[in-house]
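Record features, source TrEMBL:
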type: DOMAIN; residues: 75-284; note: domain 'TLC'
type: REGION; residues: 314-333; note: region 'Disordered'
type: TRANSMEM; residues: 41-60; note: transmembrane segment
type: TRANSMEM; residues: 81-105; note: transmembrane segment
type: TRANSMEM; residues: 125-143; note: transmembrane segment
type: TRANSMEM; residues: 155-172; note: transmembrane segment
type: TRANSMEM; residues: 210-232; note: transmembrane segment
type: TRANSMEM; residues: 252-274; note: transmembrane segment
Amino acid sequence: RPKVTAKTAFLFILPQYNVSVPTADSETVHYHYGPKDLVTILFYIFITIILHAVVQEYILDKISKRLHLSKVKHSKFNESGQLVVFHLSSVIWCFYVVVTEGYLTNPRSLWEDYPHVYLPFQVKFFYLCQLAYWLHALPELYFQKVRKEEIPRQLQYICLYLVHIAGAYLLNLSRLGLILLLLQYSTEFLFHTARLFYFADENNEKLFNAWAAVFGVTRLFILTLAVLAIGFGLARMENQAFDPERGNFNTLLCRLCVLLLVCAAQAWLMWRFIHSQLRHWREYWNEQSAKRRVPAVPRLPARLIKRESGYHENGVVKAENGTSPRTKKLKSP
């Protein structure tokens with residue numbers, strides 16, 4: 001039995017499936033997914049709800065009070081504020097995992113030795129926390145009193161993240177899922193940061209332009225990496241038998257379904273992006289054309305308003321030659 005370290009003891013608090021894999025130096029503990037993960041995810045859902053409330057009360061509420069936002073902007077500000085904190089922490093954490101595990105320096109490791117059934121500590125912990133966060137976002141729609149018009153849009157994004165993260169975790173594509181999440185979260189972090197700066201100053205739209213450029217490049221990278229790893233890498237593996245007990249889902253049908261899901265999601269995101277950009281440009285040109293149609297009001301020269309034999313200046317009636325008129329005395333009869 002391997003020696004229990006502090007990191008292993010801290011792992012999940014609740015019992016997990018694990019298997020010890022011997023190495024050259026010592027014995028390393030790896031973990032496998034199972035039904036007990038649901039209990040762990042439930043535990044971290046409550047932790048995430050508490051952290052969500054702390055960020056909302058001690059950070060976002062204090063900032064929004066100084067900005068004096070409307071109800072619509074206040075709701076979007078809270079949404080972007082929470083997602084900025086989450087995406088920033090996830091990007092740093094995911095980048096650390098990818099670098100320490102060597103997935104970034106060795107792209108072939110994304111499909112070599114498939115199925116990747118046994119996960120290192122930090123990989124399994126990262127996936128469980130990601131699932132816990134997006135599951136906690138469902139009850140938060142009620143707690144945050146999100147408007148009915150915004151609920152369908154947020155449900156779409158939540159379900160999209162849950163399907164992709166759970167699919168990568170259950171189909172043993174955890175390595176590829178880490179790289180794709182790193183790309184996606186980096187883009188989302190830039191978008192929500194740009195929206196926060198826009199709420200602070202509506203003239204600040206430079207970050208939106210940077211996000212628009214990064215968004216298209218990210219979609220291209222995600223599609224290229226998915227096709228390379230699934231369409232070419234896994235297709236050349238020798239073991240292509242469907243065996244759920246051993247965690248092997250490397251069949252032609254499974255690969256096509258995964259590629260279709262990834263491509264459809266990226267196409268849907270790109271379509272929404274193009275649609276929103278065209279709408280903003282249309283609104284901008286309508287405003288510019290409306291400004292051009294409005295004729296310039298000529299400024300009339302200041303005229304002196306004459307009254308009787310003089311005009312008023314500083315409250316005193318003066319004659320046309322600049323002298324003050326004398327009051328006529330009434331003769332007594």
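From the backbone N, Cα and C atoms, a Cβ is placed for every residue, glycine too.
Automatic, uncurated: that is what TrEMBL annotation is.
From a predicted model like this one, the values you see are computed outputs, not experimental measurements.
Using a cut-off of 8 Å between Cβ atoms, the transmembrane segment (155-172) and the transmembrane segment (252-274) share at least three residue pairs, counting only pairs 6 or more apart in sequence. Sequence-distant neighbours of the transmembrane segment (210-232) (same chain, 6+ residues past either end, Cβ-Cβ under 8 Å): 107, 110-111, 173, 176, 179-180, 183-184, 186-187, 190-191, 194, 255, 258-259, 262-263, 266, 269-270, 273, 277. Packing against the transmembrane segment (41-60) from elsewhere in the chain are residues 13-14, 77-78, 81-82, 85, 128-129, 131-133, 135-136, 139-140, 143: each is 6 or more residues past its ends and has a CB under 8 Å from a CB in it. For the transmembrane segment (81-105), the list of distant contacts is 52, 55-56, 59-60, 63, 120, 122-123, 126, 130, 133, 175, 178-179, 181-182, 185-186, 188-189, 192-193, 196: same-chain residues at least six beyond its ends, Cβ to Cβ under 8 Å. In the predicted structure, the domain 'TLC' (75-284) carries a mean pLDDT of 91.
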